[in-house]
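In TrEMBL this protein carries:
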| type | residues | note |
| --- | --- | --- |
| DOMAIN | 1-142 | domain 'Lactate/malate dehydrogenase N-terminal' |
| BINDING | G7, A8, G9, A10, V11, G12, D32, N95, V118, S119, N120 | NAD(+) binding site |
| BINDING | R82, R88, N120, R151 | substrate binding site |
| DOMAIN | 147-299 | domain 'Lactate/malate dehydrogenase C-terminal' |
| ACT_SITE | H175 | active site, proton acceptor |
Amino acid sequence: MKVTVVGAGAVGASCAEYIAMKDFAAEVVLVDIKEGFAEGKAMDLMQTASLNGFDTKITGTTGDYSKTAGSKVAVITSGIPRKPGMTREELIGINAGIVKEVTQNLVKHSPDVIIIVVSNPMDTMAYLVHKTSGLPKERIIGMGGALDSARFKYRLAEALESPISDVDGMVIAAHSDTGMLPLFSKATRNGVPVSEFLSDEQKANVIEETKIGGATLTKLLGTSAWYAPGAAVSVMVQSILCDQKKMIPCSLMLDGEYGESDICLGVPAIIGKDGVEKIVNITLTEEEKAKFAEAAKAVRDVNGDLKF
Ligand SMILES: NC(=O)C1=CN([C@@H]2O[C@H](COP(=O)(O)OP(=O)(O)OC[C@H]3O[C@@H](n4cnc5c(N)ncnc54)[C@H](O)[C@@H]3O)[C@@H](O)[C@H]2O)C=CC1
Ligand SMILES: O=C([O-])CC(=O)C(=O)O
């Protein structure tokens, strides 16, 4: 099956690399607006195939969407990343126009496509794709929770001094510095609640470091992260192409779930061959419910800046 990745920059190339390395897709098409850039990234990646042992064919194109025709999944990473000191929300002015135009091109050539939205501010960009693509809501999935949950597990393992494979946990709500909701109450080490091992101070630290995970990396790198974002996308794409039905927190259009409607926010969902098979309703504590509602209010304010 064919996967398109729009934006051959840091995140797009990382998506293509992880998808190819796992060898479950027949073809990955990279698209970029910068002349020759996607072609160059595709060629460089293809020259790793014999070294890394994959058969996925990676091609690149400068804006020729006819090459993306018949894609099962398209990942939108086109747009600008933030610089140190910026919020994701500040990217809306430039990225909204790019995401809207890219979506139209993708749908024109692949009407049955499932779109994974990565460009920031992601929850708002996912909402924009819902409002402008004409695709059913099951086929538009924002990527944030998969990455934020991986960062949560990294911070939990650090605090627990445990291997990451011992740890499980999930982050829902908004993909923003303030609106992320790491579900500490449900995090476990080999099935045992982590609250059995960590103090209140450690808990607060894990939650805060998780929420500012993207900002911390942006400060260190001078631009935002790409390895973990690419890996997170590859897990979502694999769950679709291989119909794995994994439960992954994704930014989805809500219609009453978690008390919200007409908004994209991170919630756990079963992801399979048709996209979103089911939004999973989990029980939140009163404090978590309040934080989810607060995150929704902030995302709704940002959505208000969109022009359709
Ligand atoms: N949702 C998430 O968890 C994450 C989201 N991001 C977001 O992903 C986006 C991309 O980040 P990077 O890859 O680091 O940026 P980058 O600057 O390395 O790559 C972006 C690419 O998009 C291309 N582009 C711009 N306009 C285009 C258009 N109209 N059509 C096709 N390509 C176009 C650029 O030429 C560039 O190569 C940013 O908005 C960033 O904030 C980044 C990491 C995680
Ligand atoms: O931090 C950023 O701007 C990019 C992003 O969404 C992330 O890495 O979580």
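Glycine is treated like the rest: Cβ placed from N, Cα and C.
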Alpha-carbon distance [R88 (substrate binding site); D32 (NAD(+) binding site)] in Å: 21
Inter-residue Cα distance where the pair is V11 (NAD(+) binding site) and R88 (substrate binding site), in Å: 15
Residues of the domain 'Lactate/malate dehydrogenase N-terminal' (1-142) by DSSP state, where helix covers H, G and I: 68 helix, 28 strand, 46 coil
Cα-to-Cα gap, N120 (NAD(+) binding site) vs H175 (active site, proton acceptor), nearest whole Å: 9
Nearest-integer angstrom distance between the alpha carbons (Cα) of R82 (substrate binding site) and G7 (NAD(+) binding site): 15
Residue, out of the recorded positions R88, R151, H175, whose Cβ gathers the largest set of other Cβ atoms within 10 Å: H175
Segment-level pLDDT (mean, integer) for the domain 'Lactate/malate dehydrogenase C-terminal' (147-299): 98
Largest CA-to-CA spread of NAD(+) binders G7, A8, G9, A10, V11, G12, D32, N95, V118, S119, N120, angstrom: 17
Contacting binding-site residues, sequence order - V11, R82, R88, N120 vs ligand 2, Cβ under 6 Å: R82, R88, N120
Nonlocal residues around G7 (NAD(+) binding site), in sequence order (Cβ under 8 Å, 6 or more apart): V31, D32, I76, T77, S78, G79, V118, S119
Rounded inter-Cα distance in Å - H175 (active site, proton acceptor), R151 (substrate binding site): 12
V11 (NAD(+) binding site) versus R151 (substrate binding site) - Cα distance in angstrom: 16
Max pairwise CA distance, angstrom, over record-listed substrate binders R82, R88, N120, R151: 19
Residues satisfying Cβ distance under 8 Å from V11 (NAD(+) binding site), sequence separation of at least 6: T77, P81, V118, W226, P229, G230, V233
